Amino acid sequence: MAHQKILILDFGSQVTQLIARRVREAHVYCEIHPNDVSDDFIRAFAPQGIILSGSHASTYEDHQLRAPQAVWDLGVPVLGICYGMQTMAVQLGGEVSWSDTREFGYAEVRAHGHTELLKGVQDFSTPEGHGMLKVWMSHGDKVTALPPGFKLMASTPSCPIAGMANEDKRYYAVQFHPEVTHTVQGPEIFNRFVREICGCAGDWIMGNYIEEAVARIRDQVGDEEVILGLSGGVDSSVAAALIHRAIGDQLTCVFVDHGLLRLNEGQMVMDMFAGRLHAKVVHVDAAAQFMGHLKGVTDPEQKRKIIGREFVEVFQAEAKKLSNAKWLAQGTIYPDVVESGGTKTKKATTIKSHHNVGGLPETLGLKLLEPLRELFKDEVRELGVALGLPPDMVYRHPFPGPGLGVRILGEVKPEFADLLKRADAIFIEELRSTIEPNSGKSWYDLTSQAFTVFLPVKSVGVMGDGRTYDYVVALRAVQTSDFMTADWAELPYSLLKKVSSRIINEVRGINRVTYDVSSKPPATIEWE
Ligand code: XMP
């Protein structure tokens, strides 16, 4: 079960996780660790190759931010990216020049394809026959003198040394960012590095991973019992299916239905897990309890806290009844656990307290079982499909832990939740069934998150011969790759028209539908 591994040393770039995703897409296992891990750690990790990430820092300003000596002593291939290239240059005897102007955005780089890394890799060629790459650049400093033993691998007019290599040592470095999607040949470059230069066989495949994960869970748990909080979300669902595959009835899922789930969601979760998988599921209908505690509360943060607290309470009460349980399973995934050099210095400001229903306190006194800890979201989805979960469930848009509690603005009332669930189901149904002709994909698949928001205001309308005075909903649909920034989706008018007409006709109590055309920032994706 020992996979060949690539070590990614993080110097604090915003996009280090993308490096890991590209490596995993090449079917090679990798881990991200802070740049200042010890030499012993690196030797014990025994990587097939090492990648040095970018950074917000400058090799000029920060003399601490260097690759550990073991990187150069281990004799394995090394790929430096942006800052990673600069620190490679500085540490191996080249020069970097400081600059206070940044080069940022699209660039065309001349690839000197005589190295193993870029041989035959190009997007187009110039009339003179030079191979060119379309890339993404984001840097201030640049390498101005090659270290001894290195040759030029890529160049642009403003950055004459945009890539360098020492092929005897198998060291490669690029000033541009092959990990971002704007660099067209990025996947090919990573594939070349990890598969051919580092010689990794490509043994990281989700279909095969099931067997390995199952064996590991059995080994960890033995004959003890496990409980898992099922939320209906992708991570807890895949974790449940995987653990169930491993230990069957030793797993009990507790599904706390707070009444703020999407239409029929509770039933769907029960049909899937209790019905099709024959897993043990305790379904706790706690809607009345949650609604009771939310009565009269209008502040969004307060609502989040109450929902989080009640969830823990209900779950704990159920857990106590399962006195044989020794393990608590959670759907924690790699981005939740990855340590990064950046996080040591960066101060994150809390805009919303993103409590995750499923994040339970340690007071339960149970051992933690987190079988998805090393997987990215795309891998969790692939694993889910491989485990036989329906693609519709596995490729669902993310849904916040507090559920409709933060999509009903102000006070949450059962009658508002009922109207919202029905309106939202219509919106999602139409998104799924409307195909965008150029891509052949549905608008559901073309958006990252789409939902309906309930506004507790009434507006006047006219229906038949009568005047109505009913509630308003807002449709929200965004496109984003990281949920940190997002654009509102340019849905076709015909689709919006149909959704609006269906909601107003089919959901009595709503007489006006609006579309939210705010991007993030300055707005957020959710309204609360
Ligand atoms: P915002 O509204 O901050 O949302 O732009 C970014 C992403 O986070 C989700 N979100 C939450 N998820 N608990 C969660 O588990 C929360 O309290 C919460 N608030 C927002 C949101 O749905 C979007 O995907």
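Every residue, even glycine, has its Cβ placed from backbone N, Cα and C.
Bear in mind that the values here come from a model prediction, so they are computed numbers and not experimental data.
For reference, TrEMBL has these:
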- Cys82: active site, nucleophile (ACT_SITE)
- His177: active site (ACT_SITE)
- Glu179: active site (ACT_SITE)
- Ser231, Gly232, Gly233, Val234, Asp235, Ser236, Ser237: ATP binding site (BINDING)
- 204-396: domain 'GMPS ATP-PPase' (DOMAIN)
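Projection of TrEMBL feature records onto the structure.
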residue: Cys82; record: active site, nucleophile; Cβ within 10 Å: 26
residue: His177; record: active site; Cβ within 10 Å: 23
residue: Glu179; record: active site; Cβ within 10 Å: 27
residue: Ser231; record: ATP binding site; Cβ within 10 Å: 25
residue: Gly232; record: ATP binding site; Cβ within 10 Å: 21
residue: Gly233; record: ATP binding site; Cβ within 10 Å: 20
residue: Val234; record: ATP binding site; Cβ within 10 Å: 23
residue: Asp235; record: ATP binding site; Cβ within 10 Å: 22
residue: Ser236; record: ATP binding site; Cβ within 10 Å: 24
residue: Ser237; record: ATP binding site; Cβ within 10 Å: 25
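When the recorded positions His177, Gly233, Ser236 are screened for a Cα within 10 A of the Cα of Cys82 (active site, nucleophile), the ones that qualify are His177.
Here the CA atom of Ser236 (ATP binding site) lies 29 Å from the CA atom of Glu179 (active site). Cα spacing between Val234 (ATP binding site) and His177 (active site): 30 Å, rounded to the nearest whole number. Confidence over the domain 'GMPS ATP-PPase' (204-396), given as mean pLDDT on the 0 to 100 scale, stands at 88. The DSSP secondary structure for Glu179 (active site) is coil. Gly232 (ATP binding site) falls within neither a helix nor a strand when secondary structure is assigned with DSSP, and so counts as coil.
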